[in-house]
Amino acid sequence: MRILWRPFGLRRLLKVESCRLTESESLIPLAWTSLIQKLSRAPGIFLLDQRKRFSTMPEIETSQRNSELFSPPSDVRGMTKLDRTAFKKTVTIPVLKVRKEIVSKLMRSLKRAALQRPGIKRVIEDPEDEETRLIMLDPYKMFTEDSFEKTELNVLKQLNVNPQISKYNLELTYENFKSEEILRAVLPEGQDVTSGFSRVGHIAHLNLRDHQLPFKHLIGQVMIDKNPGITSAVNKINNIDNTYRNFQMEVLSGEENMMTKVRENNYTYEFDFSKVYWNPRLSTEHSRITELLKPGDVLFDVFAGVGPFAIPIAKKNCTVFANDLNPESHKWLLHNCKLNKVDQKVKVFNLDGKDFIQGPVREELVQQLGPLSKGRKHSVHIVMNLPAKAIEFLGAFKSLLDEQLCSSELLPMVHCYSFSKDANPAKDVQQQAEAALGISLDACSSVHLVRNVAPNKEMLCITFRIPAAILYKNQTVNLENHEDPPLKRQRTDKAFSEEKTQLA
């Protein structure tokens, strides 16, 4: 970053190199060349005396005048291969001259007025006087000494600082622009700008849209440059629809190392991101389910992945049965259980979801719900986090057990995830589950909005206690007699809409 000192005033419109402002003269945070060209067109600027000065109306919309101040040069538009040197630009910044010994004390009172930009020092040396410093001010807020608030002026007066504002020519480089500013300048005007991503350890995971693909390598490099700790940027190139629930990805920029480590809710997970499923946006949902279980409860995690449900729940002294069909997920699930020191509390399986339900889950439920279950106080929970297909596996619970030996209050609680594009997603997911089970869930279910996945696509979790009529053979039960009080309060359309608004 190169800084050029030039005291600035408005006494002479074209010869400004040696002028300073008087208290009555205004300051406009634009380069003079651009300003003079636009002067005749600016509706809020009136020439008072061409030989002396001009003034601006305070009502001028500052955001419109400054919309291009911190934007990269216009000639980077359409760039597909990143050229950092093309982002050089000189802008005019207001500065306040102060004695160097009072800078620290003064800066505490000028937080509002000081410039806040990446890579730009707010206090710099004065090239004209080694005993003073120049404080960079926000050009969107500070024009003349009248721009200071009363409290700020009081502090300046106490410290014997002249509130007169001068101007500085500041050269901006690629390092001084934010990622969103860079991409907005490069991508076609009016198109969506990618500035967000999912962070998975050192990996930035993007979901680029079609119009962004010609710029994908540039976007990837900008994400790496502007986010400390990110060394690789990848883009998903297909949907998560294969057997092992991972997706193909393309490395846009940076290293190709997909072995990563993440921290979520104070637990550590290690895995190969190219071979397993991991979504950092589900952190809150993992916590929500974990909080539902109490020490001593039992969890069956049908699609466990690398352990984001199983491990924190096992840490609560719960018994956990965790399964995943993907051999890589199974491998990293075992690894992460040891890493988080819960390997003695988690039984790990590598089975198809249906086989897991009709095998290990059935065998354990016989014990949990059998004659010895009388008087037990712990609960049984079944998590099915495979939203694209989980509801299809609900049929595996039909007639799973031979005879009912426990009260309905001890029956397992299911938390099943699904997607919906319906106008009423809560009702849609309930109907999906009812179709898979062949029974109404009106009296024993609730639906929770997890997150918005895409425009008009929601991820939801339906929670219900498995009806005895489904779990046991040759059973016909009136669901009204098996309502679960906490779940009876079925979420209304209005409540669900409010939750969706809060999540957004």
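Here the Cβ of each residue, glycine as well, is placed from N, Cα and C on the backbone.
Taken straight from TrEMBL:
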- 197-468: domain 'SAM-dependent methyltransferase TRM5/TYW2-type' (DOMAIN)
- H286, D324, L325, D352, G353, N385: S-adenosyl-L-methionine binding site (BINDING)
- 482-504: region 'Disordered' (REGION)
Set of same-chain residues at least 6 away whose C-beta sits under 8 angstroms from N385 (S-adenosyl-L-methionine binding site): D301, V302, F303, G305, F309, H415, Y417
In the chain carrying H286 (S-adenosyl-L-methionine binding site), residues 6 or more apart in sequence that have Cβ under 8 angstroms from it: E264, N265, P308, F309, P312
Candidate with sparsest Cβ neighbourhood (10 Å radius) among D324, L325, D352, the listed binding-site residues: D352
Distance in Å spanning the most remote Cα pair of H286, D324, L325, D352, G353, N385, given for S-adenosyl-L-methionine: 22
